[in-house]
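Q: Questions regarding the structure given below will be posed in turn.
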Amino acid sequence: MSSDLISQAESISNIEILRALFITDTHTTVGDVAVPSAEPGVEHDQISPGESDEEIEENISDQNNSSSQKRLQNAQFEALLTRRAEDTSNENIDRVPLNLSDNELSIAHLVAKQDVGGGLLDPREYQIELFERAKAQNTIAVLDTGSGKTLIAVLLLRHVLQNELNDRANGKPHRVSFFLVDSVTLAYQQAAVLRNNIDQNVAHFFGAMGTDLWDRQVWEEHLQQNMVIVCTAEILNQCLLNSHVRMNQINLLIFDEAHHTKKDHPYARIIRDSYFKASPPQRPRIFGMTASPIDTKGDIIAAATRLETLLDSRIATTSKITLLRQVVSRPIEKVWAYDRLESPFKTNLHKLMENRFGNVKALEGVFRFAWYASSELGRWCSDRAWLYALADDVLPKLEGHVNKLAESTAAATERDMAFKEITLIKEASNIVKAHTFNDPEFPGELSPKVRLLQTELSKHFSHAPETKCIIFTQKRYTAKTLHELFTILSIPHLRPGVLIGVRSGDIGGMNITFRQQFLALVKFRKGEINCLFATSVAEEGLDIPDCNLVVRFDLYHTLIQYVQSRGRARHYHSTYASMVEKDNSDHEARLREVREAEKTMQNFCETLPEDRILHGNDHDLDSLLQHEEGRRTFTVKSTGARLTYHSAIAILARYASSLQYEKETTPQATYVVQSVGNTYVCEVILPEKSPIRGLTGSPAIRKSIAKQSAAFDTCLLLRRHKLLDDFFKSIYHKRLPAMRNAKLAITSKKTNQYDMLLKPSIWRRHQGILPSKLYGTILSLLPSEPLSREHQPILVLTREKLPDFPAFPIYLDEDIETKVVPRSLDTGMELSAEELRALTTFTLRIFRDVFHKVYEQESEKLPYWLAPAEPLDANGREPGPRGIIDWKTVTFVQENDEIVFSRDLAPESLVNRFMFDKWDGRSRFFTIKVMEGLRAADPPPSSVPRRRHMDNIMSYCLSLSKNSRARFLAGCHWDQPVLQAELVRLRRNLLDKLTTEEKKIQTECFICAEPLKISAIPPSIASTCLAFPAIITRLDSYLISIEACDELDLVIRSDYALEAVTKDSDNTEEHRGQQIHFQRGMGKNYERLEFLGDCFLKMATSIALFTQNPDDDEFDYHVNRMCLICNKNLFNTAKKRQIYRYIRSRSFSRHVWYPDGLTLLQGKDHSKKMLSQAKHALGEKTIADVCEALIGACLLSGGPEHRFDMGVKAVSVFVDSPSHAVSRWKEYIGLYKPPNYQVRKAEGAETNLALQVEEKLGYHFRYPRLLCSAVTHPSTPSTWYFRVPCYQRLEFLGDSLLDMVCVEDLFHRFPDRDPQWLTEHKMAMVSNKFLGALAVKLGFHKHIKAFSNPLQAQITYYVEEIETAEAESEGAVDYWVVAKDPPKCLPDMVEAYLGAIFVDSDFSFEVIEAFFQAQIKPYFQDMSIYDTFANKHPTTFLHNRLANEFGCTNYCLKAGEMPAIDGMPAGVLAAVIVHNSVVSEATASSSRYAKIRASERALVVLDGLLPYEFRQRYNCNCQVVGNPASAPDIGTAI
C-alpha cells in the first residue's frame, strides 16, 4: 500500500481501503479516494462480509543455492529435528529404559512403563451394544467413569481401520482417524491405550511440540505414516483451517470428554468451521465419549439436545444397566458435616502485610486467598500461603510480572511504581521468612472443616493402612496448602501428594509441569503417595488407579464435576464423601440439585427411542450457528485454507514469531482496543521488522469481536502483500539478515583447476640476449652448529637486480638448521664476453657434476649464472662488485673439465674431493680420508649401502654395463688407494628436515677414484651448490609473490608476501585439523595472516560504511558489511585479478627448479613434468582466504604515512566496491560528515556526563553528545533524555575496533600460536562476559539511559553478582569467568564507547590502543589462565579428534530449536554428523549446552576407535582420496 494512499485515506476505515484494494475494477472509489487496482487481468481476492469467498494465487517457489553436501547435511539435520520432535512424544514404548528412575524418564516412557491400557480388549455386552450403534451412526456414548468408554473407541477404531485398509487396497485415497483430547496428559494416556490395542501406527501431538510451525508437507508425511493421530483439539482445528488436513482425509473423529463441545471450545469450532462446511459424503464418522453430556446448570434436556445437534450425533447409553453396575460399582456416598465456619478475618501476619504492602498489585491474589483461607482452612493455613507465594524461586517471576505490566504502558509514573513494587516484594519476602509460624496442632490454628478432614483421614488410615484417597479442592492454593499441612501433621500411614493443573505463565508458587503432574500419578499408582490433594485436573479422563476414598473438600458446582469426581472411587466398598457445612442451605441445595440432575439425565438417556433421527434438529443447528453470522471468512481457492475470526489471532501470532532475529525475544502482535461511542475499535500493531506495521479494524459491539475483526483484516493485508502463503503461513522463518550466510556461500572443495606460475617472469625477461652487465646476489650459509664440511658462499648473477630477500632456513647434514642469507649487491658489474663465457662454463659444470644435467653452452639463454664468492677480507669487508667473484676458481674449472686420475697422484690429493659417476646420477661422493688397511680387491665392508656388485670395492664403484665393466676391470690399477667417502643423499628438498626413510640411508662408503670422475669444482662450492635447488625454489617463490603484489599495486615485504600466498595443504584453512596432502618445507602458510587480515577487513569496511551511511541502522550495517567481506566477493575479485596464479600450493619439486629455456644434452628431461605441474586445484575459499592474508601482509608492511595505509589500500583492492574506495587511512576522515546531533552544542547534563567519564577514563570528548549516544539504549524513546540516536551504530563500529586491537595484541605477543588458539583466546577478551564485567568496573552501568524496568533489574542483579565475585576472588583477574552472563547492554556500551572516542578523535586508532592498554590488557597479561575458556571445550576436543586423529573433514555440528515437551521449556537439539551418519545428538535448554552435550557424547562414541575403524564405520574417504569437504561446520567453542 503506497504511503500516499495511506495518508489520503486516514479518515477512512481500513476495511474500506482493503475492499478497494481487492476489487478487480480498474478504479474503485472509497469515499473521496480513488484506489487503483493491482495488475490488470489478474484475478484478485474478493472479500464480502458473511460469505466464504475464494481466490487463486500464484505459487511462490523457494530457491536453494547451498552446495550439495551442505544441503544434504542440513536436510539430514532438519529430518532428525522433526523426527526427534515426534520421538520425544511418540517414543518407542517397546524400548523403555527401565534401568532409569521415574524422575529421569519422559512422560511417554512413564506411560509405557505403567503399561497404561495393556490387555484392555475384553469387551462386555453393553460395550459391544454401543460399539454396534457407533458403527452405524454418529454417536455420543454416555457411560459412567470407569465403565470402559475408551474400549468402545478402540473397537470402533479397529473396525474403521479395517475398512480403511480395504479401501486403500482398492485404490481409494488414504484417510486417517483422529482421537481428540482436551489436555496434554490425556494425549499421552490415550495414545498409550491405543498403541497397546491397535496394530497400526499411532502418533500423538500437542501444541508444545511446535505443531503450529509444521507445513503441509510435514502433515502429509504424518498422514502417510500413521493410521491414528491422537492430539489436542486446537491442533486439528488449525490444520483444517490452514488446509494442511482436509475433512475428506479423515475417516473417524473421536471426541474424548465430548461435553466440552460448546461455545468457542476447539471441539465446537472444528464442527462449526470445518465439519459442517464439508459436504455430507465427505464428513467422517463421529464418536463422542462422556460421563455426562452436559457440564452446566440449567435445562438438562435442552443442553443434551444441543450437544447432539452440535456434534451431529445421537446420545446413547447402555440398556444393560444391571450389567454396567456389575462392572462399575457405585461408591457409598457420605456427607461429612463440619461446624459452621468463622467469617473471614485478618491474621496478625495478614495485618502486617496489608499495612506494609497492601498497595502492591502483584500480591492482590495472595491477599485474597489468605482472607479466604482464614475462614475455610484456618489461621495457620492463611499465614502459610505467604511462605510459598514469596519463596525465592517465585520472586523473579513476580518481578517479571510487575515489569511486564509496567512495560505495557508508556506512563512514567507506572514505571516508577513498578520499581517500587519490586523493592516492596523483596521486603515482603524477607518479612515472611523471618515470621515464626505456630504449630498447626495448637487450638484455633485450623478451621472446623480442616479439623474434620484430619479426623476422618486419621480414622480411615488407622483402620485401613492400604487406603488410597483423593481429596478434591476448588483452588490450587488450597490443594498445595493442605498438602503441606498434612505433610507436617504426619498422620500414620498417610503419604500425601499434590496434583494440580498446568497453567502457563502462572506465578505465586503454583507452577507445575505436565511431567510433574504425571509423576504424581505414577507415585499414586505405586503407592508411594496414597493421599492426593487435587484440583479438577484429576476429575476428568486421567487414568487414576482405583481409590477407596474420594473426598470433595470443596463441593462440586455442576453435574459433570459430581459424576467425574465420584467416578474416581472405583474400588469395591469405596466411599465418596462430600464435605458440607452444617445448616448451610446452599450446600444442601447443591447436593439435592446434582442428584436430581443425574436422575433426569439417566431417564433421558434410557428413554431415547431406538429409531430417533436428527432431521428435526436442523433448526437447532441454525440457532447454534446463528451467532457466527457477520463474521467473515476467507478461503484460498488453490489450497482450501480458510481464514476465520478465531484463526486470525493464531495466524498473526505465528507471523509475528517468524520475524524473530537471532537472539531477540520472540516478537508479538500487539492489540490496542479503544471505545468509540457505543462500539469498540482495535488497532493491530505488528513487530517493527514486519513490512506491514498493522491497521485499525472496523467498529464492533464487543471487545473480542473488534480484536478478531482487526486480526482478520490484518491477515488479509498480509496476504495482499504476499507475506502469508497459501496456507496462511509466514513467508519468513525466524528470519536472519539477508545474505547473512554470504561468508559461507562458496565451497572450499577442489572443484576447479587453475593456472599456477612455476617461474617468476624475471627469468624470461631479456632471455636470448647476451648481457653486458650482471647484478649479484650473495648466498651465504650460517649454520646453527658446525657442519661436517665447509660451505663457501656463492653468487647468483642476474640480468636485473633482485629485490632484498629475507633469510630463511634449510636443513643440512643431520638436520642442522642453517640460515640462508641472501643479499643483493647495490651495483651491477660490467663483464666481457670472455668473462661471461667463463661464468657460463662454471654454471653448466655445476649442473653436470652436481646435478647430472648436461646443457648446451648457450650464454644468451641462461636465466642466471652461478659463481663462487670470495670470502670477507681480514677486516670483515667485502671486495667490490667484480672482486666478489672468485675468478681463480672460475678459471680453474673452465680450464679443467675434471681432475684426471693417474697412478702418479699422491693419495692425499684424493682426499677432500667431490667425485661423481658420469653414468649414474645417484653416485656423488665427498672423500674423507685414505683407508690404509683396505685394497681395491677387498670386498666392501658390510656397513656400506647395498649395490648390484658387491664382490670387491673396485667393482662396487663401477656402474658400467657387462662388457664395458670387464674391459675396465682388466685394465684398471688395482693397487690404487681405497678412500672413505660420504655418499651424497638424493635428497633435494633441504627446506625441510629429513624424513624417516631418508634418515635410514647409510651414507658411509669405501670407493676407488679411477671408476669415478674427480670434479674440478671445490668441495666447499659443491656442498653449497647441493643446497641450491632448495634455495632457488624459495627465491622463485619470493619473486612470484612479489609479482602478485606488483600486479595489485601493493607494497609488501617479500617474507609477508610469500607467507600470504602459501597454502601448504589441501585444508590449510582448517586449523589444527590433520593436514591433507601436506607440502613439506614451504615455510609459514597464510593462516595467521588471514586471521589478521580478516579482522582488519572487518574493521576497515565497518569504518567505511559508518562514515558513508549515517542513517543506516545496525541491521543494515551488518548486512552491507557481509556483502563486502564475504568470501564470494573476495573470490570474484581474486579471480578477476588472477590471484590464483601466484598462490604457492606445492612444495619443492625435483622437476621444476631447473632453469627454463636451455637445451638439454644429457640427463632426464623434466619439461613434461613441468607442464603437468602448471595447474593446481584450489577451493574458492582458499583463494578468498589468500586475499585476506594479503591484507594482513599489507598491514604488517606499514604505509607511507600511517601504518594502516597499505592495509586500507588492500581492502579497497579486494572488496572492489564504491562502498570502500579509499587508499589511505586519512581518507576515512574526509568521508565522514558529522551528523547534526554530534555537533550540536552540548547541554549541561551532557557536559556533566562527559566530565564524569573523563575523570574515570581520561579521555576528553570534543563532542560530548557522542558519549550520550553511546549510553542510550535502543529502548529509549527518541524524544527522551539526550535526544540522540541509540548506541547501536557506535557499537557496530566499536565492535570491529575492539576486535582489531585485541587481535593485533595477540598476534604480536604470540608469534608461534595458530589461528585457532588466537581465536579462542581473543574470544575471552571480546566476550560479553568480560565486557560486561569491565562495564561495571568502569561504572558504565550507572550512565545507561534505558526505558525498560526488567533491564534495570537485570543490571542490578548482575552488578551485585560481579562485584561479589570480584571481592571474593582475592585479586584474581579472571573473576568474571565464574559469573553469569551480563545483560547484553553492558558489553554493548563498552563497544559503543570505543566507537564514540574513535569518531571524536578524528578516527585515531591510537585512542583505542590506549584504552586497550589501560583497561583491558591488565586482565590478559597471562593468557594461560584462559586456556580453559575455549580450548578445553568439548566441541574443540571433538574438532581436534575428528580432524587430527581421523583425518576427516566432512563433518558438522548442527543445532536447532525443539518444541517444549512434557511441560518443560523449549529445548535445543544438537547433532554431530560425520559424512552421512549422525554420530551423536543431545538436547538442552540452549544451543551452547546442547552442542557441549552432543560433542561429549560423540567423544564417547569415538573413544577407542582406530582410524581405519572410523573410516569403515562412517565411510570416510577424506584421507584416502584427499578430497577435502567444505570447512567443517563444527560451531564455536563459545
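Any Cβ shown, glycine's included, is placed from N, Cα and C.
Copying in the features that Swiss-Prot gives for the protein in this structure:
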REGION    36-70  region 'Disordered'
COMPBIAS  51-60  compositional bias 'Acidic residues'
DOMAIN    130-311  domain 'Helicase ATP-binding'
MOTIF     256-259  motif 'DEAH box'
DOMAIN    456-613  domain 'Helicase C-terminal'
DOMAIN    648-738  domain 'Dicer dsRNA-binding fold'
DOMAIN    888-1016  domain 'PAZ'
DOMAIN    1054-1199  domain 'RNase III 1'
DOMAIN    1250-1402  domain 'RNase III 2'
SITE      Lys1384  site 'Important for activity'
DOMAIN    1436-1504  domain 'DRBM'
BINDING   Cys1448, His1475, Cys1516, Cys1518  Zn(2+) binding site
Q: The motif 'DEAH box' (256-259): mean pLDDT?
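A: Averaged over the motif 'DEAH box' (256-259), the predicted model reaches a pLDDT of 87.
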Q: Helix, strand or coil for Cys1448 (Zn(2+) binding site)? Use DSSP.
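A: For Cys1448 (Zn(2+) binding site) - judged by DSSP and reduced to three states - the answer is coil.
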Q: A 10 Å Cβ contact count, applied to the recorded positions Lys1384, His1475: which residue has the minimum?
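A: Lowest Cβ count within 10 Å among the recorded positions (Lys1384, His1475) is Lys1384.
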Q: Measuring Cα to Cα, how many Å separate His1475 (Zn(2+) binding site) from Lys1384 (site 'Important for activity')?
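A: On Cα coordinates alone, these residues lie 37 Å apart.
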Q: Measure from the CA atom of Lys1384 (site 'Important for activity') to the CA atom of Cys1516 (Zn(2+) binding site) and give the result in Å, rounded to a whole number.
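A: Per the Cα atoms, Cys1516 (Zn(2+) binding site) and Lys1384 (site 'Important for activity') stand 42 Å apart.
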Q: Please work out which recorded stretch in 130-311, 648-738, 888-1016 has the most C-beta pairs separated by under 8 angstroms from the domain 'RNase III 1' (1054-1199)?
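A: Looking at each of 130-311, 648-738, 888-1016 in turn, the most contacts to the domain 'RNase III 1' (1054-1199) are made by 888-1016.
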Q: With every protein chain in view, how many other Cβ atoms are within 10 Å of the Cβ of Cys1516 (Zn(2+) binding site)?
A: 22
Q: Can you break down the domain 'Dicer dsRNA-binding fold' (648-738) into helix, strand and coil residue counts using DSSP?
A: 29 helix, 20 strand, 42 coil
Q: Round to the nearest Å and give the CA-to-CA distance linking Lys1384 (site 'Important for activity') with Cys1448 (Zn(2+) binding site).
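A: That separation, Cα to Cα, works out to 37 Å.
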Q: Could you say whether, by DSSP, Lys1384 (site 'Important for activity') belongs to a helix, a strand or a coil region?
A: coil
Q: Under DSSP, is Cys1518 (Zn(2+) binding site) helix, strand or coil?
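A: Looking at the DSSP assignment, Cys1518 (Zn(2+) binding site) belongs to a helix.
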Q: Near the Cβ of Cys1518 (Zn(2+) binding site), how many other Cβ atoms are there if near means within 10 Å?
A: 26
